[in-house]
């Protein structure tokens, strides 16, 4: 990769590893069950949405530019923590077990609460005066 900053790539790897470790920890709290609400994935995705709203706004609007903060915290940590693909597999499992209401409510809540989480985190960062 000509002209690539490998330190930035390392920041993504480190952040991704930390996010993935956090997600594995959350997943260990409950066994997968397609007939119940998947709290570990839902929690990881909402926490990730709050963090990405906070980090993105704070890093882009409030702190001096750093070429490593955003890849480490946004792409890496939040990307490793959150998991859209697992949400889709869980939703498909719910549908296959004829839990249609659960599948629809899980998908709708994941999107709505995720958007609300990003919005609230962004608004909270913007309310704090810049020093």
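Glycine residues also receive a Cβ, built from the backbone N, Cα and C atoms like all the rest.
With a threshold of 8 Å between CB atoms, the same-chain residues lying at least 6 positions outside the transmembrane segment (9-30) that come near it are 38-41, 43-44, 48, 68, 71-83. Summarising the annotation, TrEMBL assigns transmembrane segment to 9-30 (among others).
Look at TrEMBL and you will find 42-60 (among others) tagged as transmembrane segment. With a cut-off of 8 Å between Cβ atoms, the residues of this chain six or more beyond the transmembrane segment (42-60) that come close are 19, 22-23, 26-27, 66, 69-70, 73-74, 77-78, 81-84, 87, 106, 109-110, 113-115, 117-122, 124-126.
The transmembrane segment annotation in TrEMBL covers 72-89 (among others).
The 10 Å shell around the Cβ of residue 79 (Na(+) binding site) contains 18 further Cβ atoms across the protein chains shown. The feature Na(+) binding site is assigned by TrEMBL to 79, 82.
What TrEMBL records for 101-125 (among others) is transmembrane segment.
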- Residues of the same chain, at least six outside the transmembrane segment (101-125), with any C-beta under 8 angstroms of its C-beta? 35-38, 42, 45-46, 49-54, 56-58, 61-62, 87, 90-91, 94-95
- Item | In the chain carrying residue 82 (Na(+) binding site), residues 6 or more apart in sequence that have Cβ under 8 angstroms from it | 19, 23, 44, 45, 48, 49, 52
